[in-house]
Amino acid sequence: MASSLLLALLFLTPTTVVNPKTEGPCPACWGAIFDLESQRELLLDLAKKSILDKLHLSQRPILSRPVSRGALKTALQRLRGPRRETLLEHDQRQEEYEIISFADTDLSSINQTRLEFHFSGRMASGMEVRQTRFMFFVQFPHNATQTMNIRVLVLRPYDTNLTLTSQYVVQVNASGWYQLLLGPEAQAACSQGHLTLELVPESQVAHSSLILGWFSHRPFVAAQVRVEGKHRVRRRGIDCQGASRMCCRQEFFVDFREIGWNDWIIQPEGYAMNFCTGQCPLHVAGMPGISASFHTAVLNLLKANAAAGTTGRGSCCVPTSRRPLSLLYYDRDSNIVKTDIPDMVVEACGCS
């Protein structure tokens, strides 16, 4: 197991680059010795660093505006639906986020209600807002109808007053949840980190007859954000079993409650980080575990024989396939973010 920790440090840390042609044996073959508890602590520290790095966070978020359990449960239920088919090819992936921002009330009266939505500054770092949905709850008298204008207000550069950029008309005829798909003006505002919506009924109504619900019915905006991904090639490998010393995948589970992160990570409760460990003889160099063909094995064996006695280089057991970690969490602004963090779960290992 001494090699497993070194491999995890070498191949799961994003900033580390390993060159198989480096002189000397593979670092996995070095004789460093760690007790089991030290290995576990270092692997947990590595998992925390990897998650924070890939979420572009310097430290875990401290929740400044906690969201009530009722509002969180309701928002997730409203957004939950059938799984959408991807439009991407199998060898192309894109990093996607869904960010949920709950409303703060800036102005409320009989005639209008103004809602403020705050998004993290990371939205402006090259991310594309693909869709913005506004969801709100209305309590309305029975057998009544009301027309409501929903205005998108933005603060333009070098201006101190909000400017009306677009307006939507919604017919309200019953109590319940209403959903409105917002246009490019709202998407641009979300990208800049702040969105203001103003709700104005067309006719005068009593204050008690039109109420935007709070607590479990708190209004929110859900923004879908996308970042271009990289090409992936999936390769198969083998899992570690028994006393085998060949290159394989060792399972390792990270429990978010154990590391004290269950307050800001909503789902899942943990994830299987996994890592690669084991030996790689020269004749299996470049093979994905033992799944390569017999012809490839023979060619590599010939190359190994030709190199015998002329080199001290070794082959390393490295990840050959990874998959993303689906995460639902609170960001610095207490917004709820749903995303897939790429390359977090090692699925297969092979020899470099």
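Keep in mind that glycine also has a Cβ here, set from the backbone N, Cα and C atoms.
As written in Swiss-Prot, here are the features:
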type: DISULFID; residues: C240-C248; note: disulfide bond
type: DISULFID; residues: C247-C317; note: disulfide bond
type: DISULFID; residues: C276-C349; note: disulfide bond
type: DISULFID; residues: C280-C351; note: disulfide bond
type: CARBOHYD; residues: N111; note: N-linked glycosylation site
type: CARBOHYD; residues: N143; note: N-linked glycosylation site
type: CARBOHYD; residues: N161; note: N-linked glycosylation site
type: CARBOHYD; residues: N173; note: N-linked glycosylation site
type: SIGNAL; residues: 1-18; note: signal peptide
Query - Spatial neighbours, same chain, of N161 (N-linked glycosylation site) - Cβ under 8 Å, 6+ residues apart - result: L155
Query raised in the report: Counting other CB atoms within 10 A of each CB, which of the disulfide-bonded residues C240, C276, C317, C349, C351 comes out lowest?
Result: C240
**Report entry** Residue pair C247 (disulfide bond), C276 (disulfide bond) - Cα distance, angstrom, rounded
**Finding:** 7
Query raised in the report: Which one, from the glycosylation sites N143, N173, has the smallest tally of other C-beta atoms lying within 10 Å of its C-beta?
Result: N143
Query raised in the report: In terms of Cα spacing, which of the recorded positions N111, N143, N173, C240 are within 10 angstroms of C351 (disulfide bond)?
Result: none
Report task. Please name the residue among the disulfide-bonded residues C247, C248, C280 whose C-beta has the most neighbouring C-beta atoms within 10 angstroms. Result -> C247
Query raised in the report: Do you know offhand how many angstrom separate C280 (disulfide bond) and C317 (disulfide bond) by C-alpha?
Result: 6
Requested in this report: Within 10 Å of C248 (disulfide bond) by C-alpha distance: pick out those among the recorded positions N143, N173, C276, C317, and say none if nothing qualifies.
Outcome: C276, C317
Query raised in the report: In Å, rounded, how far does the Cα of N173 (N-linked glycosylation site) sit from the Cα of N143 (N-linked glycosylation site)?
Result: 7
Report task. Go through the recorded positions N143, C276, C317 and tell me which ones have a CA within 10 A of the CA of C240 (disulfide bond). Result -> C276
Requested in this report: Quick one: of the recorded positions N111, N143, C317, which has its CA closest to the CA of C349 (disulfide bond)?
Outcome: C317
Query raised in the report: For C317 (disulfide bond), which of these recorded positions sit within 10 Å, Cα to Cα: N111, N143, C276?
Result: C276
Report task. Compute the C-alpha separation of N111 (N-linked glycosylation site) from N143 (N-linked glycosylation site), stating it in Å without decimals. Result -> 21
Query raised in the report: What's the CA-CA gap between N143 (N-linked glycosylation site) and C276 (disulfide bond) in angstrom, rounded?
Result: 65
Query - Other CB atoms, at most 10 A from the CB of N111 (N-linked glycosylation site) - result: 10
